[in-house]
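Here's the structure we're looking at; comments come further down.
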Amino acid sequence: SGGKIQSFKLTSMEVSCPHVFGHCKLPSAFTQVHKEECTQCFDSQDLAPGIDVCLTCFNAGCNNSERHHAQIHYEKTNHPLVLSIYRLIKDKPKRADENEEPPQKISKLAIIPESEKDKYEFITHVKCYACGGIEIDRNSGDLPTVIDAVMTSMSAAKQSEIKAWEEGNIVICDHTRDLVQEQPRTLESQCMTLAHCNNCDLKENLWLCLVCGNLGCGRQQFGGVGGNGHGLAHYNLTKHSISCKLGTITPEGTADIYCYECDDSRLDPYLDKHLANFGINVASQQKTEKSITELNIEQNQMFNWSMETKDGKKLEPLFGPGYTGIKNLGNSCYMASVLQSIFSLDVFQQRYHSTAMEHHKQCTQDNPANCIQCQLSKLADGLLSGRYSQPIQVIDAENEQSEQDGIAPGMFKTLIGKGHEEFSTMRQQDAFEFFQHLVTTIERREHNNPANDPTNVFKFTFQRRLQCVECKRVRYKDSTESSISISVPTNKIETNENNEAKYEPVTFEKCLQLFAADSAVEYKCPACNKTTVAMTNTRFLTFPEVLVVHTRRFEEENWVPRKIVVPIIFEQDCYNFDEYIAHGRQDNEELLPEESNAERLYAAPAINESDLNKLLEMGFPENRCRKALIATGNNGVDQAMNWLFEHMDDADIDAPISGSTSVSNVQEPSEGDTSTLMAMGFSETRVRKALSETNGNIERAVEWLFSHPEDESDSLPVQADGSNTINTFGDSTLPAEYQLQSFISHKGTSVHCGHYVVHVRKDQKWVLFNDNRVVEDPQPPLEEAYVYIFRRVHA
């Protein structure tokens, strides 16, 4: 590495610079300092010659001769001064004397952060782009103070990571807030290392009841953490609901708190006071055990996808352009699998890779880290250029093998999750839900330039047909979609000794046939003026270029959603979808009369479709899901699920949904809200419909307007075939032939834990992307996938 350092150093003398004064800013504790990686490519401080950090706005730009993003940043902003940072890993120091006493062995888990100064060597200097990019005197003006502040500041990446963890699901509950403790007493064992469960001899995984001071062991946890569940038994006996895990208490006053009443982790706002009741001084505590969050992360990381063929042969690693892996950022495999899938498509490569440099020069965003197109272009460059897919020799206990670092899209993850209650956290997520969120985000970005929207390749028009069995009249409804969700029929064959069920395989064609089949629903016919039965089906009016098929692999067992592993058999390489095309209104069909908006609201109260899909994926019947969402005011999946469990024994739980909004209660949207939304460029008709669909909530109306760009049905005339005229995506030409392009698989009991990988058809072979490991897979497990992505084949 010495040669690299020499070539990195400038040979000219450091000079004073007139731009030092007035162009340096001191970052605060809340300033986002991008100092680890270029905001427009994946060149980092670890790759020669390092990166340039702007000393005015703290953007990071690469100093590469081909991309020169730091130079582009200067040309756009006129921020002249940068701190160049190049980081090298220090060699581990060797013991000079073999008789020297080795470092003290740590017998318990110790959370001791390693100092960057101990691990790395930093080569830094200051440059001025206004003076031609020359190195300048780093001691001029306020530069020493600014340099020290930049080097010691928390990076933007670390800030985002911490924020994501803090935005998890751990909150204060009424039981921790209103906790009533018994009389103060001191625990018998003042030494925490001697404490043990009151009902057994376990000395780890101990939970202190914050009501009475009982010490009980927890339940057995992943990773060999023992437990006999005596803490839970204590709660069942006493109903003392709040416990604190000893060993996780920190001097800052944090610890694992569990509420048995809520059956979830919680925060205790008065933890120091509650622990003092038992003689425990928070300030003197040291963390010695892993928290529940850390154990959950380990569990997800241990879901290891096999990197061998069925006959035990090692899968061959791949490197180069298009074979770049994505590092796991901590529960981010759901995102990586979707990104690898979409960037295998030509339209995404053309939109974000070919035009990257042009966009970087023209982007109007002050900070590229906050521009979705900048970050998608950065992803495209990272995945397709091949620069970050270079073989690295790794020697393990068995043999030497080649691996790659891949890319770590932390900026993209932070940006795409910003403001989202799930994707802004570090929790594991559903890959299909992330795909939907990504499509919506890109649609919004391309709202004023729809011709450049690459997500158009996923879009097509569905036609839903409804026919009353009494009067035989029909209604057709067209809608634009970007995916389909199909049920997987189950036929249990056997259950093994581990209570794992084995199911009879089903063909993919059978799943499609069930999806398109007629189904009977209870229906209040406006022509018959009575409740009767209607037959409905859904067919393709147009076909997309890329068809995304989501499989519902869940069923409800004892009111607990459980993943079902039904093998889906692919009997052919290409599938013909011609039989699933919609035929529209026939000459002998009579249309059902149209309903007014008020009647429609009365007959079918508005619900959150995203929440409905989540509940359906958990295995709950659709009628119950809709009823739960309506009953809880569309306030989220958690409340709806609680309602479902509380009303599971209601006699009318499966009764048809009647209107919950009377006609007299349908209110006209306020003129103020209407004007506000119309100022965003939407028509009055769409604005009024959005406010009506969201019960006048202007924030939800904005979400509705962006998530229903095609929904003009109330303002458009009904055509002769009974459908509505909408902007049509895809085309209806036949034949509609599709070949599987990629598929996303999941390993684990729930989509919210476990591990995702993706297989992509590339260069006449199947390639497995498992985080940053990329290998050829000659035996891809097609039957296990959760999401299938098909590409249309044209003759």
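Every residue, even glycine, has its Cβ placed from backbone N, Cα and C.
Bear in mind that TrEMBL entries carry predicted annotations, made automatically and left uncurated.
Annotation comment: TrEMBL describes 22-126 (among others) as domain 'UBP-type'.
For the domain 'UBP-type' (171-282), residue counts in helix, strand and coil come to 23 helix, 27 strand, 62 coil, using DSSP. Per TrEMBL, the feature domain 'UBP-type' maps to 171-282 (among others).
The Zn(2+) binding site annotation in TrEMBL covers CYS197, CYS200, CYS217, HIS230. Non-local contacts of CYS217 (Zn(2+) binding site) by the CB criterion (under 8 A, 6+ apart in sequence, same chain) comprise CYS197, ASN199, CYS200, LEU202, ASN205, LEU206, TRP207, GLY226, GLY227, ASN228, GLY229, HIS230, GLY231.
Taken from TrEMBL, the feature substrate binding site applies to TRP207, ARG219, GLN220, GLN221, PHE222, TYR258, TYR260, ASP263.
The annotation active site, nucleophile is assigned in TrEMBL to CYS333.
Among the features that TrEMBL reports, domain 'UBA' is placed at 606-647 (among others).
Taken from TrEMBL, the feature domain 'UBA' applies to 667-708 (among others).
Taken from TrEMBL, the feature active site, proton acceptor applies to HIS755.
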Rounding to whole Å, the Cα atoms of HIS755 (active site, proton acceptor) and TYR258 (substrate binding site) are apart by 26
Round to a whole number and give the Cα-to-Cα distance in Å for the pair TYR258 (substrate binding site) and CYS333 (active site, nucleophile). 28
In angstrom units, rounded to an integer, how far apart are the Cα atoms of ARG219 (substrate binding site) and CYS333 (active site, nucleophile)? 28
Run through the domain 'UBA' (606-647) and tell me, per DSSP, how many residues are helix, strand and coil. 29 helix, 0 strand, 13 coil
Pop the mean pLDDT for the domain 'UBP-type' (171-282) in here, whole number is fine. 85
Measuring Cα to Cα, how many angstrom lie between CYS333 (active site, nucleophile) and ASP263 (substrate binding site)? 27
Which one of the binding-site residues (TRP207, TYR258, TYR260) has its C-beta surrounded by the most other C-beta atoms within 10 angstroms? TRP207
Sequence-ordered list of residues in the chain of ASP263 (substrate binding site) that lie 6 or more positions away and have a Cβ within less than 8 Å of its Cβ, or none, is none
Identify all same-chain residues not among CYS197, CYS200, CYS217, HIS230 whose C-beta atom falls within 8 angstroms of the centroid of the Zn(2+) site's C-beta atoms; report them in sequence order. HIS196, ASN198, ASN199, ASP201, LEU202, LEU206, LEU215, GLY216, GLY227, ASN228, GLY229, GLY231
